């Protein structure tokens, strides 16, 4: 696993964070050292796949990066007769995802698409994963995507939405941000790395509160919604499409 040193030296002109070649190269290390509980979320996605993936359906991983969720789904699904569609708009991520998945034999068909997730039609879906992806879309585009997902899910289908959260109470928000930075330092990131990455992300990663996410999911059509995991200001929610 290549170690993330992207922000380890001072960068004179610090642009917005992008999922470019350098990020794709170190992404597994970056995400493990940056997102508390990431491994737990991936493990649970596999557990949810075991319960929700159905025969003959489609499973979508929107913002699939290097394919960690897809591997968990493939390993745990109760049937091999379904299809996985992984989507990412980063060409370097897509190339590495395809290469990574090809190292593990499976009879389950997987199609990795390089495209904007907003362009993807969701059909016959038993499961949709949005793992730390929605936060990179403009807020005005989020409800349309979630509504499309809701309509594309089969009855009893599940959406897994993992995000970094913000909090209305400033004291709580600052505490959880500080704990997250402590977590990153404990994982070997320097103050410079933490600071520069935060600056690079501030215009492209737009976080919402847990209640805002719940309200938006309700507006999209979901009625069964719950936060199932949280560590500091990161977490994951499930939303299930009820049977008629």
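Using N, Cα and C of the backbone, Cβ positions are placed for all residues, glycine too.
Sequence annotations record features per position, and here Swiss-Prot assigns S-adenosyl-L-methionine binding site to 38, 63, 64, 65, 88, 89, 116, 117, 131, 198 based on sequence analysis. Less than 8 angstroms from the CB of residue 131 (S-adenosyl-L-methionine binding site) sit 41, 45, 61, 63, 65, 69, 160, 162, 236, each of them six or more residues away in the same chain.
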Seminar exercise, completed: Row residue 88 (S-adenosyl-L-methionine binding site), column other C-beta within 10 angstroms, all chains, value 27
